Structure formats: structure tokens, C-alpha cells
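J.: Let me give you the structure first, and then I'll get to my questions.
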Amino acid sequence: MAKRTDIKKIMVIGSGPIVIGQAAEFDYAGTQACLALKEEGYQVVLVNSNPATIMTDKEVADKVYIEPLTLAFVSRILRKERPDALLPTLGGQTGLNLAMELSKAGILQELGVELLGTPLSAIDQAEDRDLFKQLMKELGEPIPESEIVTTVEGAISFANAIGYPVIVRPAFTLGGTGGGICTNEEALRDIVENGLKLSPVTQCLIERSIAGFKEIEYEVMRDAADNALVVCSMENFDPVGIHTGDSIVFAPTQTLSDVENQLLRDASLRIIRALKIEGGCNVQLALDPNSFSYYVIEVNPRVSRSSALASKATGYPIAKIAAKIAVGLRLDDMLNPVTGTTYAMFEPALDYVVAKLPRFPFDKFEQGERRLGTQMKATGEVMAIGRRIEECLLKACRSLEIGVDHNELKGLDTVSDHELVAHIVRAQDDRLFYLSEALRRGYSIEELAGLTKIDLFFLDKLRHIVELEQELVKKPVDIDLLTEAKRYGFSDQKIAELWQTDAASIRRLRRAYRVLPVYKMVDTCAAEFDSQTPYFYSTYEWENESIKSEKESVIVLGSGPIRIGQGVEFDYATVHSVKAIQAAGYEAIIMNSNPETVSTDFSISDKLYFEPLTFEEVMNVIELEQPKGVILQFGGQTAINLAEQLTKAGVPILGTQLEDLDRAEDRKLFEKALKDLGIPQPPGKTATNEAEALEAARAIGFPVLVRPSYVLGGRAMEIVENEDDLRSYMKTAVKASPEHPVLIDSYILGKECEVDAISDGQSVLIPGIMEHIERAGVHSGDSMAVYPPQHLSKQVQDKIVDYTKRLAIGLNCIGMMNIQFVIQNEQVYVIEVNPRASRTVPFLSKVTNIPMAQVATKLILDQTLKDLGYQDGLYPESSLVHIKAPVFSFAKLAKVDSLLGPEMKSTGEVMGSDLTLEKALYKAFEASYLHMPEYGTIVFTIADDHKPEALALARRFSAIGYQVMATEGTAAFFADQGLDSQLVGKIGGNAHDIPALLRKGQIQAIINTVGAKRVADQDGQVIRSSAIEQGVPLFTALDTAAAMLRVLESRTFSIEAI
């Protein structure tokens, strides 16, 4: 069947904001697909609500709509654009669910829009638990005994019949949302009640738990002519029972016999054929380690997180091929873009091993529930490639950026045996490190396999690493052993530790004895055919396949795994920087370790090195490539943290230099710079111990804002009210030291705003000023930002522009910088300066049409703003109002408090744009899934300091028809001021307390603030987590609630009696 000529215009749905379970892999898939469809000559219309994506750039599609991914908005765009077809399989669960809604609402039929790729029947059969069960029965594929339930009672009677443990899986949800393993009736009641609420079709599957089986995944493709192939097989290190997104994964499978592999492979191909999927599909299976029996766990009839991993692991571009299949091309028509000679029908073969490790947010959320289960918790992932399992596993550990350079966590050697075993049995995010510690203590791999059901093969690899450590201790400075340790992935740092020397000495020793890495190509065909991909990984072998080109090159360091505080925004900037390097006539080389992103798509750069972003690995590439220099500005804190070591090693850093980076990051130098430039900042001091901290706080006066120096995303940042709180902060939150002092600032309660500026050293371009809706005290990444500013006087804006120019020139900034200001009584103070690209770059680039990262890169490569046609100063404002709103993943993270403060908690962002502030706010709230009806009940439970302000909001809510409920203290205050409210209990287990009313669906929103004292308020935390569980809008900052109120008021007609 040939390419379809009866369709001209295709709409692609993106996946919206990044949340746990749906991250940057969909930006990668969507970008690939849009470009592939344009390549085939189709007109592409893209809809996505997330501005921090490459796919929402104007060059990627013919028309780009950054609008909420809701039925109402997408229907309007469909009516306006009238596309011939819709491709929903690249937008994750969001895209699939929207396609189902559009179909059920009759919109697709009304407009004659055809669904491409996966038929609706297949989405239904794969996602609807009942239909899936029927299909598997017809195919004779075994699935665990299960029952579809729509009530809690139904679940309990089925569990009693088959016995516990059972697994609960809500239908049509993402990343295991609302699911879990239940070992008793009480747990089952809780999980099913919640799961039924979260499932859009109020349906849960209760199934026999097969926890402990091997979890195997196959990434399969099929075309309309029924050609099908397996792109990649993957094996989870962790057995069934832990969500695959939270598991360590190896590709290809490592422990299956040929018979087992063929058995599961055939089952996967039978399933994709039966579902008639045209495109990519992911099949998850459970294999009994002691027999040939297996079960089908689930099928994702779309591009997924696993397909991004499979694409990067094999070099086979799944999303690109899936998009072309959707328009009628066949696998045996298309050339494999990697080899250029073989066809896409040719199954990839790997002559290396790939390890994926999940990146968890528990460095940010120390109170979070770290136990792993069927609900996903990781925010991102890293991938490493090597010739041996030990090698790729250790490289992946280094890539995580959690302060480890080996499979070893500091401090575990002091943990008791009892605690060690408990940690190993109940898997947490750091189980790998506990397993390694147990092996160092002499536990046998058989004992550990008995406790964990992890295959002996994998545990034996961990044991081999431990044996090598012991050998190294016994034989210091043995060159043969050094070579062997490097072949198995040991870092110079780890070898230095075992030989009691420093990493630099090991590096010198290696170079003296020519123990150097070579770079191998990822070519999809195990070197069987000649391949053209510039995609490399390091290993300690003989033949080097990466040849330095004749052209002068520039290396850009990526930002590593996605985590809270360092998201896809930095990858966006990296990709744009590469475009500018190429446009300036240089060869662009990317180094990065994240398989989900666009930057690690090998077609983006001239060369891609898939490596950990550590000094050792970066230096190895620099020594081979001999670049003009390295750009660090776009890789977030990851890259900036390498500046000092690289500068000392004589590597040319392009853009802002180390001493100027230090002047922005080092407290004393920064204060001096501000003083010299005549720019005010909140009074502040530094402290290296508790006594100094108390002395500093007394001098400045409470409340103070405390934080460690050199961090991203406000990690361990707090507003402290009194001396007791400060003492506890110094004891628990930070390890202060002379090298890493704690910063203590006066906390100014004012309006916050921020600026991204681009400087060539002489002139400074300020694309725009963003005003935050939440006042100072809420992290800038968690605040709603408005552009252009709505409430800043001309005088304040002029002052911001003046200070920005002075800072950029005074700090010798070349390229990007981000400055945050706080404004109190028309006085402007600088809070912080980051001499690098920030997370607002994509948003501002979109709303001003300035490709900021490209402009900054051109300046770094010696052009001027004038050369590029930009004026000095503030760029003319847009006529529309644009809002950047944060999106959170609290529903996935039990025990994490959703109260907003100076520590960043959001995982993603959306954008809302319109002619007025109210309309833009409405879109931003809709896009971030904060939907409030036009009437209902709102609960106020407010701290004393905020009551007067909350009263004004309560009066306005009452005026538009909301019923106001309040907890005791708040209700009494309202009554004194003449406002009637209905009294509601906080938590007390009665039928009229907040959690009970939330469960009954009788509350539409909650406003809950905590006083400046931020006392450990257990009640408040229970109320907040109940609201999150029930999906009820929760506001912990009055400013956000006031913004929502403006929207509701703007949608309400006034009704007055005459």
C-alpha cells in the first residue's frame, strides 16, 4: 500500500505538561513525528499546552497551537482547521484519552476527521480492562486471573475468592495512577475507592498478584500490510510488582533462553496483529522464572516511555517510522535512516548492553513515601551504554547526579544488618545501593535472590563489582588491574579512593600507560553493515570508531536526567544552541545521558556522545575532539558545576567565564559586585555553623530566608521565623561547612518578578519582564508568571531594566542570564542572579518570538546583538497576555506535602495566552487541570496572618454564588467581620469533617494557608493530601486563589435586584 494522497492536513496532539509518568519522551516522539509527516509533504497542525517543548516551535509544524488539551479547546481548533486526519498516538495517555473523548462526543464524525495509526477499537481493547481480557482469551494468551469492578464491594468479594495479594489497576490512567498491591482488605478498600475516582470510566481491574515473576517488555512495530517486527526487547532488573518506569532496565534481555525469548516475542507479535495497530506498541509480559509459563501484563497501543528508551538503545527511530506507517507507508518501503542501506523491516541487532536507571525526586522530598510499587514515582531517567553489564550499570549510576560515582551510597556502611535487610525486602528507590552493600558484607547472591526475586545473573554482576573493589584494595597501582577495572566501568574517582590517592593521579597514570577509552558507534546492526550515524558511547577496548572531523567543533553539555528544578526547559535550550552552532559554521557535538529528550536524538547534532556528565567522561571526549571550546550555559546546574574543574584543566569555556560565574554564585563576591554597581539587595549574611547562623539572623531580624549556596530549584530552602526553627534547620536540612556556607537573607514580602537577559558584553537584550502572581516566598518555578507585567509601574520597570543592564555588563556576562527581583513599596531589590539559561527560556522565546538560546549561542561565538539586528534594552511587548503556570505530580507522591514555599515542587508547566489577563488565566488553569465549576462549595482554613486578606476573597466567592465553609478559627473571624460561613471540622473522623466531605464530592475547592511560623500542622497536611487524592483544586497561596477568582468573576453575569 502506497503513501496516502487522499489526506492533506493532519493534526497531531501533544502530551501536555510534564508529570510523573509522562515526561520528555513525548516531546521527542512528537517532534520526530511532525518532522516526518512534513518530510512526506503533509500539512501538520500541532496542539499542545506545554511551551517548554521543541515540538511547539514554529519550524516543527505548519501551525502550532499552545492551548489547553481539553475537549472544548481541541474541538474548537478542529472546527477552525478542519484537518483530514488526527494522529493521537504520540501524545501519551493524554492524547489517547482526548481522541476517545472527541470520538464519543461525535466531533470526529461531525467534521469527517479520520483517526490515523491505531484504530479506536484497538485503543479500547488495550485500555479497557474488560475488552483486553476478552481479546487475550480469544488469542489464547494467558493473563492473571482478574475481575473488572465498578464498586469497592465487588473488589472485596473477588479478592476473597482468589486470595491476597492482589493488584489494582484503574482503567485509562497514566503511570499506574491510583493503583497498587494490596495484601489485606483494608488496603484494598482504600486503593479501589481512590482508583475508581481516578479512572475516567470508573473501572478498576483486580488481578491476582504475580509479583516476583520476571518482567519483560517488547517494543513492536506493525504496518497496514501486516508486516511486524520487534525493535527491542528489554528486561527489568526488578521483578513484577514495581512499575517499569521505576525499575532498572537492561536492553536487550539478558537472562532469557532462546526458547523463552521466542515464546514471548511470538506472543507480542500476535497481540499487535490482533489489535491491528499501525505504528508502535509496547507489550509487557511476566515470565515465571521456574517454568515456561508467562502472563501478558499490559499493552500500550501508542508510543511510550519504553519506546523512547528503545529508540535510543537501538538507534531505530520508532516515532518517526510510526508516523510514516500512519500515512500508509510500509516497513519494507522505508529505508532505515541509521544505515541508509537496510530497510525499516530489518530488526535491530545490538553488540552492546544498555542500562536505564530511574531518577527519583526524593532528594527534594525527603518526607516522601519511598517504597516502590505499581504506581510510578520517578521524574526522569538516565541511560548508559557499554560492552558489559557492570560497565553500563556503573556509568548509569554516575549519570544520576545524586552525588555517587559508583554503586555505593555514603553512610550505608553504618546501617545495621536488620535495617539493611528490611530495605532490601521492601524495595525503595535506593535498593540497588543496599544490595551492593549487602554483598560487601558477605551476603550470598542466593540469600539476596530469595529476599528479592531478582535473578541470580544480575546479582552475580553486582558481586563481580564488589570482588573487583576488593582486588583493587589488595593490589594498589597494578596496571593490569587498572585496565580491568576501567573495562568494567569503574571511575577514576572510585579507583583513586580504593588506592588512597586522587582522581588526577589515576588519570595521569592511565594516560602514561595508554589506558584510554575508545568510542563505539550505535548502528542498529551490530556492525554488520556500514553505518553513518554519529552516535557514540565509550568503552575500554581497542578500535576507536569516532574520528575527529576536519571542521572546528563546539561541545554543548546537556542537562542530564529530568528532575524537579531541572526539567525539559534546559534540553530545549540545548537543542537551540546546537542549531546556532551549526548555523555559525561549526560542528556541534552534544554530550548527554537522558534517553527521553530531543537533544539525544542523533539527527539533531553532528555528533552525539551518550555519556555521564562527569569531569572524567567530559575530559575524555574533549581530549579526542579538541574542540574550539565547551558551552555550559544550557545544561542547568549540571554543566555549571563542571566549570571549575574544566577551567583548571585548561579547557576553553565559551561564554561567561568561571570567575564571573563565581561572582554570581559566591555570596561574598556577589554582595561586593552589587555594592560596586550600586544595586540594592535584601540584607544578608553567610554562616558556616549554627552559632554564626544565629548571630547573623539576630543582626538581620526574623523572618529570614535560609538556603545552601550553589543549588538549583531551591533545594533545602526555607523561610525561618525564630531561633528554634533556625537551629533545627542547621541540624537537619544542611551540612554547612566553610566550603559550603549557608546563606541567610532578610525575607522581604513583596511582589516577585524575573528577567532573562542576553548580553554580548557591550549591549544587553531583555526579551521581557515576567511578573509572578504569587508573592515572594513561593519558588519562581512554582509561581504563575505573567508576561507582559500587569501591575508594575513604569518607574519599577525602568529600574529593573537599568539594574539588569548594569549586572550583565558588570558581571561580564556573555550569553544568557536570569535575574530575580522582589519589589516592596516601589523599591526594587535583586534576590539572585543565575549566569546561565533558566527554566523560563522556552516560555519567553515562544511569547516574544526571539529564539533566545540561539541568539545567546551566536553571541558566545563572537557575534554581537547589533549584527543580529537586536536593539539594546527591553524588547517591545506583545499585545496578548501570556501566563506560564506550574503543574504538579502530588497525586503520584504519597506523604509529600503540597504546600508551596521556597523549595520547588512542580514537575512541568503549561501556557495560556489570550487578549485579557482573565482569559489567559482561565486557559492556564484549564491546561494545568485546575478546573473549578461556576458554583459550589469552597472551604477556607486560613492561618491568622492571612485572615483579613482571606475575608475579602470569601466575600467575593460568596457574591458569585459559592457557599463558603470555614474551619473553627477562620469561621469565627469571618463571623466577627459580618460574613456568615458554614462551620466544618478539620479532621475528626466524623461525617462533617473535610476529608469526609471531600470523599462525598461535596467540596469544589479548598484554600488552606499556613502561617509564617509554618508549625508542623498535621491537620493541614491531612486536609491537603485528601484534596489531592480526590482531585479537588487546592490553593495554598492566596494569590493563586485570587487569580482563579478573577477568572470565575469574569465568567459570571451580574445579577442584582432592582
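Backbone N, Cα and C atoms are what each Cβ position is placed from, and that goes for glycine too.
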J.: Given Swiss-Prot annotates Arg707, Ser746, Ile748, Glu752, Gly777, Val778, His779, Ser780, Gln820 as ATP 2-binding, which of Glu695, Glu739, Glu826, Glu832 belongs to that site as well?
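T.: Answer, per Swiss-Prot (ATP 2 site with Arg707, Ser746, Ile748, Glu752, Gly777, Val778, His779, Ser780, Gln820), from Glu695, Glu739, Glu826, Glu832: Glu832.
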J.: Among Arg129, Arg330, Arg359, which is the one Swiss-Prot gives for the ATP 1 site where Arg169, Gly175, Gly176, Arg208, Ile210, Glu215, Gly241, Ile242, His243, Gln284, Glu298 also bind?
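T.: As annotated by Swiss-Prot, Arg169, Gly175, Gly176, Arg208, Ile210, Glu215, Gly241, Ile242, His243, Gln284, Glu298 share the ATP 1 site with Arg129, chosen from Arg129, Arg330, Arg359.
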J.: Rounded to a whole number, how many Å is the Cα of Gln284 (ATP 1 binding site) away from the Cα of Glu298 (Mn(2+) 2 binding site)?
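T.: Each residue's Cα considered, Gln284 (ATP 1 binding site) and Glu298 (Mn(2+) 2 binding site) end up 5 Å apart.
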J.: Please name which of the binding-site residues listed here, Glu298, Asn300, Gln820, Glu832, is nearest in space to Arg129 (ATP 1 binding site), Cα against Cα.
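T.: Closest by Cα: Glu298.
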J.: Among Asn300, Gln820, the binding-site residues in question, whose Cβ has the most other Cβ atoms within 10 Å in this structure?
T.: Asn300
J.: Determine the Cβ neighbour count for Glu832 (Mn(2+) 3 binding site): the number of other Cβ atoms within 10 Å of its Cβ.
T.: 17
J.: Note down the number of other Cβ atoms within 10 Å of the Cβ of Glu298 (Mn(2+) 2 binding site), including every protein chain shown.
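T.: Glu298 (Mn(2+) 2 binding site) is surrounded by 17 other Cβ atoms within 10 Å.
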J.: Would you mind pulling the DSSP three-state label for Glu298 (Mn(2+) 2 binding site)?
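T.: Reduced to three states, the DSSP call for Glu298 (Mn(2+) 2 binding site) is strand.
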J.: Write down the Cα-Cα distance for Asn300 (Mn(2+) 2 binding site) and Gly175 (ATP 1 binding site), rounded and given in Å.
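T.: Spelling it out, the Cα of Gly175 (ATP 1 binding site) and the Cα of Asn300 (Mn(2+) 2 binding site) are 11 Å apart.
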J.: Could you work out which of the binding-site residues (Arg129, Arg208) has its C-beta surrounded by the smallest number of other C-beta atoms within 10 A?
T.: Arg208
J.: If I take the Cα of Gln820 (Mn(2+) 3 binding site) as reference, which of the binding-site residues Arg208, Glu215, Ile242 has the closest Cα?
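T.: That would be Ile242, the closest of Arg208, Glu215, Ile242 to Gln820 (Mn(2+) 3 binding site).
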